[in-house]
Amino acid sequence: MAKSSRGGADQNTATIHDLKLERGEGGELHQTAQGDTPVLTTAHGVPVSDDQNTLKAGPRGPALIEDFHFREKIFHFDHERIPERVVHARGYGAHGYFETYESLAKYTRADLFQRAGEKTPAFVRFSTVAGSKGSFDLARDVRGFAVKLYTQEGNWDLVGNNIPVFFIQDAIKFPDIIHSVKPEPDRGFPQAQSAHDNFWDFISLTPESMHMIMWIMSDRAIPRSFRFMEGFGVHTFRLVNAEGQSTFVKFHWKPKLGLQSVVWNEAVKINGADPDFHRRDLWDSIQSGNFPEWELCLQLFDQDFADSFDFDVLDPTKIIPEETLPAIPVGRLVLDRMPDNFFAETEQVAFMTQNVVPGIDFSNDPLLQGRNFSYLDTQLKRLGSTNFTHIPINAPKCPFHTFQQDGHMAMRNPTGRVNYQPNSWGAGPRESPERGFRTFADTQEGPKVRLRAESFADHYSQARQFFNSQTAHEQTHMAMALTFELSKVETPAIRERMLAHLLNIDEALAAAVADKLGIKDMPKPADSAVPVRDDLAASPALSIIQRGPESFKGRKVGVLVSNGADAKLLKTLQSAIEKEGAIMEVIAPKVTGVEAADGTMIAGKHMIDGGPSVLFDAVALVLSAEGAEHLVGEAAARDFVADAFAHCKFIAFTPEAAPLLAKAGVQADADEGLIALEGSKAIDTFIESCRKLRLWAREKSVKL
Ligand code: HDD
C-alpha cells in the first residue's frame, strides 16, 4: 500500500486520545491530552494552556484584547486563502518520476534525456480551466496537464492540456476568451460552464476557435479519469543538441491504460453524486498502489518538413496528424505518491512555460511567446512574493546558486559578504558558457507589425478533419453537445452564427444541430478567408473509441447486492474482476451490508443512494428473489439499472434480478450487453465484454 511520506496510513487510522477533563488554577474546566501527545503552542512556540475559551473579564464578561493566543489564531485563519488561479483554479496533483528509455543526445543536450533508465522526479497537476476552486470535476472543459520535471539542470515545466490545440492563435486574446467563458460579470453565473451566451458570442465571432470547439464538443472534454486521458504540449518547441543543432518537437503524453470518457448525461449525474470524481479516482488508485502511467511521445521534424506541411507549425490551432508524423515513445511518467499536504504542494505549485532547461527551447508560436510572460507574472499575484521559488514544491532539486536576495518571506539569502559578481573576493557562483542555457540562434528579420501571418488563415479544414476522424457514435455525441450548449444560448443570432460556422465544417453536423434546436432557416456558411479543404485524410488517432484500452484494467465494477445474495458467486465475480486488474465495490440497501444466503455478511461500500451506477464502468446485480422484489420499490435501485443501461454499460445479473430490470424498463435479453450470471462461462463473458467499455450499438435505441 502506497503511503504519503508523512502521515499516510498511520494518520488515516483514528486514535481517540485519552482526554481528561481538568479544573485549572482559576477553577476553569479544560480537556488535556495525556501520554506523549505534543503540547499545543502558538506560532512563536509558547505552550498553550487553554484552546477552548477566550480570555474574558469574568466567566460571562467581554473578551480581552490581551489574549495573544486568540488574536494570533484568528489572524492566521483570516488570512488562510490565497487568490485562486485566474484559470485552472480547480486541480489535483501527484508526485512521481519520469524514466528515459534511450539517450536522445542526438537531438537534445537536455540532461534528463541523456541516459537510458535515468529517473527524474516529477510533479503533475491536472485541472479544469473555467471553474473556480470549489467547482465540480466533470464540467465540459479542457483539462490542464501540467508537468514539472526536476532535472539535474533545473526545472522543466511542460504546461499542457488534454487537447492538442487551443482556442486562439495569439496570446493577446487570452483575457477575452477567458472572460467570455467565466461567469457573466453582471450576474455571476454560470459556474464552470461554457453553455451560455457570452462564451458562444465570443466563439462565433472568432473563427480561429473552430478546431478547438470540435475537440471541446467531443468526449475529450468529459474524461472518465485523469488516468485515461492524453496530454499535449500543444506548441511546437525546439530540441537543441550539444552541437547547437535544432529539431522541432511536439510533446504527447499517452496513457498506458488507454483513452476513456463518459457520456454527457452521465457527467451531469456524476457531478451531483461525486463532485470530486476525478480527484477521488487519482487518490484511490495511487493510495492502493495502482500507479498511473503515461508514455512521453515525440513528433520530431525539421525545417523542410515544417515548410512542406499543410499548415504553419507555429499555429497553435493546428495539429500534425500522427499518421503523417508518428509520435515516438521516449520515456514514461509514473505517478506514485500523493502530496503530504494539498495546499503546500498542489495549491502552491507554480508552473511556468518559461521554465525550460538547456537543450529545450521555444518556437515563435505567438501563443507560447505570450504565455512566457504571463506565468511568472501570475505567480507573484497568487503566491504573494518573488520568493515563491523558496517553497519546496517549486524549488529545484539540483544544486542552484543565485544572487537574488530579500523580498517578502525570503528563506534563503546569500551568506557572507558576496552578493554580486564579478567580485574580488574569489567567491560566489559565475556563469558558464558551456553548461548554461543558450537560446537557439534563430535568425529573425522583418518590420515590427501587428499582423497575423497568412499561413494562419485556414480555420476550418482541421476542424473538419477532426470531425471526419470520429466514429459515428462520437459524431453523434458532438452534435448533441453542440445542441445542448446552443440551447442554453438565449440570443438566436448567436446560435445562427454558430450554425454558419458548422456549415463550413460538416453540413450534416450543421443540419443535425439545426434540427435538434428547431431552427428551420439555415443561414449561409460563414465567410472563410481560404477555401476549406476536404482532402485531409481522417486520422483514427483522434478518436477515443478507436483508441480504447486492451483490457478492463484500472476500471471499476459496482455490484448491487441484497439480503440472501449468493456469496460464492460474488466471490468468484470479485476474483475475476481483480484478476483483470479492475476493482469491485459493493452497493447495498444499507451501507453496513447484507446477509448472504449462506449466512455470511457482505460488507457494503455504498448505500444505494450514495453509489449510483454512474460512478462505475460496468455493473452487476447479485440479488436474491426476495431482494429484487424489495428493490423494485426503490427509485435509486431502478435508476441504478436504468442509467447503466442508458449509458451503454455492460450489466451482469443473477436471474432473480429480472424483476428489477423489468421495472427499470430494461428487457433482460435486450442485447449482448446484458449478461445473465448462469453457467460456468458467464463471468468470463462479462469480463471480456467489459474490455470494450461500452456497448455503443445500444446507443441508438436509448437515444441519450
Ligand atoms: Fe495557461 C495556468 C495550460 C494558454 C496564462 N495554463 C495554466 C495551467 C495549465 C495551462 C495546465 C495550470 C497550471 C497549474 O496546474 O498550475 N495555458 C495552457 C495551455 C495553453 C494556455 C495548454 C495554450 C496552449 N495560458 C495560456 C495563455 C495565457 C495563459 C495564452 C496568457 C497569455 N495559464 C495562464 C496563467 C495561469 C495559467 C494566468 C493561471 C495560473 C497559473 O498560470 O499558474 O498564467
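The backbone N, Cα and C atoms fix where each Cβ goes, glycine too.
A quick note: this is a predicted structure, and the numbers were derived from the prediction, not measured.
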The heme site in TrEMBL includes R85, F174, R371, Y375, R382. Which of R125, R220, R332, R417 is also listed there? R125
Fewest other Cβ within 10 angstroms of its own Cβ, chosen from the recorded positions R85, H88, R382: R382
Average model confidence [pLDDT] within the domain 'Catalase core' (41-429): 97
Residue pair N161 (active site), H88 (active site) - Cα distance, angstrom, rounded: 10
